[in-house]
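Copied over from TrEMBL, here are the features:
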{"type": "BINDING", "residues": "104, 109, 114", "note": "oxalate binding site"}
{"type": "BINDING", "residues": "107, 109, 114, 153", "note": "Mn(2+) binding site"}
{"type": "DISULFID", "residues": "30-45", "note": "disulfide bond"}
{"type": "DOMAIN", "residues": "59-207", "note": "domain 'Cupin type-1'"}
{"type": "SIGNAL", "residues": "1-21", "note": "signal peptide"}
């Protein structure tokens, strides 16, 4: 009996490890049923009899996005919410367009690594490690840069002409948390005394920043 216990412990550990991993596909496709009320980690599958080529098609990245935004940039996502056929496949794309001087402000993707390919223009890009080290570079048309999963990163158009990239992710829905918006426009709001102590500023400064991120009426 004593000899069996270590074996049982080892077997149990192996089972738990296997259960924690993402399962492999058990069918050819699992097209997301975006209208289903069933809540799972991802999306439930459509019946195979109801899928079509439209579930695997999206033309939203063909044209530049409008960059007359607060930061002078626009992200157009091509993820599972736009292409239901991506469900369970672990990939997605985005197109990011930048006006001259436009910024995709510091943000993170909690569920994916990102790799960008420059279509047009030039960008100053970078990410910050958990040791608080900035890794940055200027990139131009035809070049690639990688942003590791979960790390804060940014891109800024460093030229006088519009710029654009295609970004690829190893997730069907990478998620995005913009640092400034997360801190200053959360609902309900983060208490002022948390932000004043974090940034070592007064309440007036915090309220002023919050007002800049308040929804426009």
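Along the chain as shown, residues are numbered 1 onward.
Any Cβ shown, glycine's included, is placed from N, Cα and C.
Using a 10 Å radius centred on the Cβ of residue 109 (oxalate binding site) and all shown protein chains, the other Cβ atoms total 23. Break the domain 'Cupin type-1' (59-207) down by DSSP state and the numbers are 22 helix, 58 strand, 69 coil.
Sequence-distant contacts of residue 104 (oxalate binding site), defined by Cβ-Cβ distance under 8 angstroms and a gap of at least six in the same chain, are 71, 73, 75, 96, 98, 154, 155, 156. Across the fold, the C-alpha of residue 107 (Mn(2+) binding site) and the C-alpha of residue 45 (disulfide bond) stand 31 Å from each other. Cβ neighbour count for residue 45 (disulfide bond) (all protein chains, 10 Å cutoff from its Cβ): 19. Annotated pair residue 153 (Mn(2+) binding site) and residue 45 (disulfide bond), C-alpha to C-alpha distance, rounded: 33 Å. Long-range Cβ proximity for residue 30 (disulfide bond), meaning a same-chain Cβ under 8 A and a gap of 6 or more residues, is found for 43, 45, 87, 88. Each of the binding-site residues 107, 153 was scored by the other Cβ atoms within 10 Å of its Cβ; the lowest score goes to 107.
Proximity of residue 114 (oxalate binding site) to non-local residues of its own chain (separation of 6 or more, Cβ distance below 8 Å) is seen for 146, 147, 153, 167, 168, 169, 174, given in sequence order.
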